[in-house]
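Chemist: Below are the features I grabbed from TrEMBL:
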- 6-24: transmembrane segment (TRANSMEM)
- 36-52: transmembrane segment (TRANSMEM)
- 64-83: transmembrane segment (TRANSMEM)
- 204-220: transmembrane segment (TRANSMEM)
């Protein structure tokens, strides 16, 4: 089992490094400046993290945070920024891929015929590799950029799946987290591709940077595992701090609401509203996804109100149970309610949620 843990840790990080290097290669090819290869030095951080994780954690993950995913973002996001900014200076025909693939296939057949019988197997492999690289190089840069966006988000989900988990997270929680990431990645890809492909947006350099900044901000939710893990209430915590009790009891739900409001749907709605309201950019998909963001934000606020009211009702219910004692001893009950309110709140810490406490017994 430990061998599989080490293997998964190494293979996943190797995939991260390879994908990051492909992004750096495309930036260098698009900019035609060898100095952009310096971006590859960012992968040294990922190599350092790999060594530290193998030494101190035996390849397993950390609680609530994945340094490998975070460093993968640092290594790849700058390349995608440069490719998207460079996107505005390029021209691609409507169907570039089909023409160039046909030409490359013709070259590939010629190289295969010339290699038979004269150069041998080694020369044939080299020629095949050269033709394959030339075929990739002739693909339109916009196609490359979109492919890197798609593989980037897919690798974030698959990589989080392959990375060894720590003792703090279960397989059930990991499966829930991956399902959330799949939906999140689809929304993020739609936001980036749908807004950056608008012609009027491409003419505004500041608007491109603003959209990419919001896109980068939305990516920061991937290294965190708070969406499926509860902080847990400690009996020693101060019971007078009601917000702290609310946070520790509904930590996962509140994190999901916060991500939607402040990291994903909220910022996406603001950007799309600015595009339509200030820049007068309208299209069918933009209006649809703006309405979708409004709906999600409204539902999340409704969910927050439900959680708050449920928490308040549970506190009042627990307080009434503690105060209501024997009718023949009203003085002692009132003394208990006024002199020792901390005891009521400390016992509430371990009180189960309302819907669980009212569930009928199987017996």
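Heads up, the Cβ atoms here are built off N, Cα and C, so glycines get one too.
Map these features onto the structure and tell me what's around them.
Modeler: Within its own chain, the transmembrane segment (36-52) is flanked in space by residues 9-10, 13, 16-17, 20-21, 24, 27-28, 67-68, 71-72, 74-75, 78-79, 82, which lie at least six positions past its ends and keep a Cβ under 8 Å from the stretch.
Residues of the same chain lying 6 or more positions beyond the ends of the transmembrane segment (64-83) and with a Cβ under 8 Å from any Cβ of it are 12-13, 16-17, 19-20, 23-24, 26-27, 30-31, 36, 39, 42-43, 45-46, 49-50, 53, 141, 144-145, 148-149, 152, 155-156, 159-160, 163, 168, 212, 216, 219-220, 222-226, 229.
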